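The next block holds one structure in the form of C-alpha cells; read it before the comments.
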Ligand SMILES: [Mn+2]
C-alpha cells in the first residue's frame with residue numbers, strides 16, 4: 001500500500017492540440033498553486049525537472065483532419081522520453097500539462113515501461129470527453145480529442161508509433177470516468193471498440209463509490225496504475241479554468257472520493273494533470289483545486305485511516 005514516494009514533475013507548456021490557447025501556462029500555474037510544497041508536506045521527495053521545450057503554436061486550421069500534427073508529434077516524443085526516463089529512474093512521473101494530446105506521449109511511455117518490467121497496466125482516464133476521435137470523425141481537427149484513439153492504434157503513424165509498439169495499449173486496460181461530451185461519430189467508435197466508460201449518468205445512478213470500486217477492480221500487486229486527470233473532468237463550478245467546460249461534472253466531494261479511493265489502492269505509479277488553462281481561470285482557483293485533489297491522490301485524508 002505505498003504510492004511512490006519519489007516524484008518527478010515534468011512540465012509540458014503547450015496548447016498545441018487544443019481548441020483554445022492558454023493550457024501552455026498550466027505547468028506554472030500548478031507550481032504557483034504550491035504543488036511541490038504540498039507533496040513534500042506529505043513526505044514525498046519531489047524533483048521538479050522544469051519544463052520540456054518544443055515548437056511554438058502556429059494556430060493553423062486542420063490539414064487532412066489534423067491541426068499541428070508535426071508539432072504535436074514533436075511534443076509527444078519529448079514527453080514520452082521524459083516520462084520513460086523518470087520511470088527508469090524508479091520515480092513517479094507527474095506530467096504537468098499542457099493539453100491532453102500529451103496523454104499519448106505519457107501513456108505510451110508508461111506502457112513501454114510496463115512491457116520492459118513485466119507489469120500489467122491500468123489507465124484511469126478522468127475527463128469530460130472520451131478523447132476517442134480520429135481524423136475522419138473529428139469536427140475540429142484538434143488532436144487533444146484523439147489521444148485515447150491513438151493509444152489504441154487508431155491515428156496517424158507518426159503518433160501511434162511513439163511508444164515503440166502499435167497499439168501502445170489495449171482498450172481493455174482503460175477505464176474512463178466522468179464522461180459527458182462525446183461527438184456523434186466518436187460515440188459509435190467508442191461502442192465498437194468496447195471502451196469501458198463510466199459516464200456521468202452512470203455516476204448519477206450508481207454513485208462515485210460504486211463507480212470507483214468497479215474502475216479499480218481486478219488490479220493486483222503487479223499492476224501499474226496510471227491516472228490521466230483532465231481538469232475538465234470536474235464540474236465547471238469548481239474548475240472554471242479549462243478550455244472546454246462541460247456542465248454536470250463531479251462535485252468537489254465526488255472528486256475527492258474518486259481521488260481518495262485511487263490513493264487507497266496504493267497502486268498509482270504515474271499521473272498526468274492536463275488542460276489547466278490559467279487564461280480562463282479566476283485567481284488560480286482551478287489550479288488550487290487541482291493541487292488539493294492531487295494531495296488526496298497522495299493519501300491526504302481527514303482522519304487517520306485504517
Ligand atoms: Mn481530455
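Just so it is clear, glycine is given a Cβ too, placed from its N, Cα and C backbone atoms.
Model, not experiment: these values are computed from the prediction.
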Name the residue, out of 100, 113, 154, 210, that TrEMBL lists for the same Mn(2+) 1 site as 127, 129, 131, 230, please.
100
In whole Å, how far is residue 232 (Mn(2+) 2 binding site) from residue 100 (Mn(2+) 1 binding site) when you measure between their Cα atoms?
10
Integer Cα-Cα distance in angstrom, residue 127 (Mn(2+) 1 binding site) to residue 232 (Mn(2+) 2 binding site):
6
Determine which residues of the same chain, besides 100, 127, 129, 131, 230, have their CB within 8 A of the center of the CB atoms at the recorded Mn(2+) 1 site, and list them by sequence.
103, 125, 128, 130, 144, 145, 147, 148, 228, 232, 233, 274, 275
So, in DSSP terms, is residue 100 (Mn(2+) 1 binding site) helix, strand, or coil?
helix
Just checking, which of 100, 129 (binding-site residues) has the fewest C-beta atoms within 10 Å of its C-beta?
129
What does DSSP call residue 230 (Mn(2+) 1 binding site) in the simple three-state scheme?
strand
